[in-house]
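Asker: Quick one: the structure is below, and I'll ask about it shortly.
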């Protein structure tokens, strides 16, 4: 019997060796091993001021691509075939959701107008300049057949910043204002770029009229508003379900599972109705961190924080590792090998348009933002403006995915113009991530030599496992105390511009405490179940506040 069983296993093994699935298993094993190597090397380089895990993954991906290219005789350079569905459906949601879930809400909404200016209005300005430059320059060059929609797509592709890589070299404690602005702007920027990209693809641009332009603008705002409302609604629904049913009394696994599934459901619903899944899942993360996270048990809070962060971390490494390997894909480069100078020239022009397009909105919009700030330490000085401009020059996974979506089919292309745009996008992503990313931290130390003198913003969210057990009831309610019930009547233009942000926040907190939190839960409104972990921790925290 044992002999027959062993023979059966041998036959099954030989059958597996003969199938194509076995090669996929080998590829996944190698890819997972490379991810582990990225984590280990990134840990060893933790104290290095120049390197970060994104750049490390890129370098490892490039080196792996070289090895595969040589071992395959120059026919292949990657283990997996890039798919837009893989990126947009599986890899992007955890990254954007974690960005919203971990965002420091007090900092984010305190600078909300500036973040919206940079992330939305600034992206539109950058998109306009890059598209206009591409139309006027590339039409005079021999870059293949490109239509108007392709030029507008180029504007959307290269307007998407890569804040993930930048934030890895920024210190939140040393540069809180810079961190908050770059983080918030990067997320809103990515969402805005994707919204513009989808809007451009959904319109017939062969004949642009005033009606079409207004329809395009209206479609943009429709996508922006409805996507935001869908994400907030999904977050509120999860908070209400967990507050009413309180899964934690039986199993904390159900709490964690419902949060993960509801967040992913919000993203997929947005994609189903042709909305912006990025905006939806981002604001779903914000709402969940404000309401749902405080309705679950303390164990679930720790678990969800680390689960979301880990999923986002692995997805980011996966993307950068693959981008590094795909940069040497021979299928794309063989179409431009007869004119490599054209590809280099196009890449240089795109980098120049990115530099000009970002400068065109960072400095003017910073001036407008400073008009709304009464306190000097809240204003963005010229050195910080330079850092904000520099920090947003990197292009990453979102630009790559949009480029693949516009110019490729299943990871490769057979048209010379599309091949040039793909190889140029890869060149811009690699150059901006490696060069701009390496110089960011030294530039911060050069322009902000005394970051401790900057006023630190107080955050209401826990950032480390130790902070999960700090009082949850007393802190975070200081906004009402600081602002006070009296609203000063504006007596000048500067006060008129700065007063509304404070009054809106003041009335929102009153509305939140009076109507939203009693219904959807949140800090101070956790479910009361005798003997539950939440009830015990709440009583413990109340006793600490009393003492």
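Using the three backbone atoms N, Cα and C, a Cβ is placed for every residue, glycine included.
Heads up, TrEMBL stuff is auto-annotated, nobody curated it.
So TrEMBL lists these for the protein:
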| type | residues | note |
| --- | --- | --- |
| DOMAIN | 33-445 | domain 'Cation/H+ exchanger transmembrane' |
| TRANSMEM | 22-45 | transmembrane segment |
| TRANSMEM | 57-74 | transmembrane segment |
| TRANSMEM | 86-103 | transmembrane segment |
| TRANSMEM | 115-139 | transmembrane segment |
| TRANSMEM | 177-200 | transmembrane segment |
| TRANSMEM | 220-242 | transmembrane segment |
| TRANSMEM | 276-296 | transmembrane segment |
| TRANSMEM | 308-328 | transmembrane segment |
| TRANSMEM | 348-367 | transmembrane segment |
| TRANSMEM | 387-407 | transmembrane segment |
| TRANSMEM | 419-448 | transmembrane segment |
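Are these features on the surface or tucked inside, and what touches them?
Answerer: Away from its own ends, the transmembrane segment (115-139) comes close to residues 108, 146, 148, 151-152, 154-156, 158-159, 180-181, 184-189, 191-193, 196, 224, 346, 349-350, 353-354, 356-358, 360-362, 365, 368-369, 388 of its chain (Cβ-Cβ under 8 Å, at least six residues beyond either end).
Long-range contacts of the transmembrane segment (276-296) within the same chain: residues 88, 92-93, 96-103, 105, 108, 187, 190-191, 194-195, 198, 223-224, 227-228, 230-232, 234-236, 238-239, 242-243, 246-248, 252, 255-256, 259, 262-264, 266-270, 304, 308, 461, 472, 516-517, 520-523, 525-527, 534, each at least 6 residues beyond the stretch ends and with a Cβ under 8 Å from a Cβ of the stretch.
Sequence-distant contacts of the transmembrane segment (348-367), counting only residues of its own chain at least 6 positions beyond either end whose CB sits under 8 Å from a CB of the stretch, comprise 114, 117-118, 121-122, 125-127, 129-130, 133-134, 137-138, 154, 158-159, 380, 385, 388-389, 392-393, 395, 424-425, 428, 431-432.
Taking Cβ pairs closer than 8 Å, the transmembrane segment (387-407) reaches residues 54, 82, 84, 87-88, 91-92, 118, 150, 153, 156-158, 160-166, 170, 175, 178, 181-182, 185-186, 189-190, 193-194, 197, 201, 316, 319-320, 323, 354-355, 358-359, 362-363, 366, 380, 413, 418-419, 421-422, 425-426, 428-429, 432-433, 436-437, 439-440, 443-444, 447-448 in its own chain, all 6 or more past its ends.
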Asker: Are there at least 3 C-beta pairs under 8 angstroms linking the transmembrane segment (57-74) and the transmembrane segment (86-103), leaving out pairs fewer than 6 apart in sequence?
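Answerer: Taking Cβ pairs at least 6 residues apart, the transmembrane segment (57-74) and the transmembrane segment (86-103) are not in contact, as fewer than 3 fall under 8 Å.
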Asker: Please report, as numbers and ranges, the same-chain residues at least 6 past the borders of the transmembrane segment (308-328) whose CB is under 8 Å from any CB of it.
Answerer: 31, 34-35, 38-39, 53-54, 57-66, 68-69, 77-80, 82, 87, 90-92, 94-95, 97-99, 101-102, 164-165, 260, 285, 396-397, 400, 411, 426, 429-430, 433
Asker: Should anything in the same chain at least six residues away from the transmembrane segment (57-74) have a Cβ under 8 Å from its Cβ atoms, list it; otherwise answer none.
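Answerer: Sequence-distant neighbours of the transmembrane segment (57-74): 34, 37-38, 41-42, 316-317, 320-330, 430, 433-434.
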Asker: Who are the chain neighbours of the transmembrane segment (22-45) in space, where the CB to CB distance is under 8 Å and they lie at least 6 residues beyond its ends?
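Answerer: Distant contacts of the transmembrane segment (22-45): 16, 51-53, 56-57, 60-61, 64, 79-80, 314, 317-318, 321.
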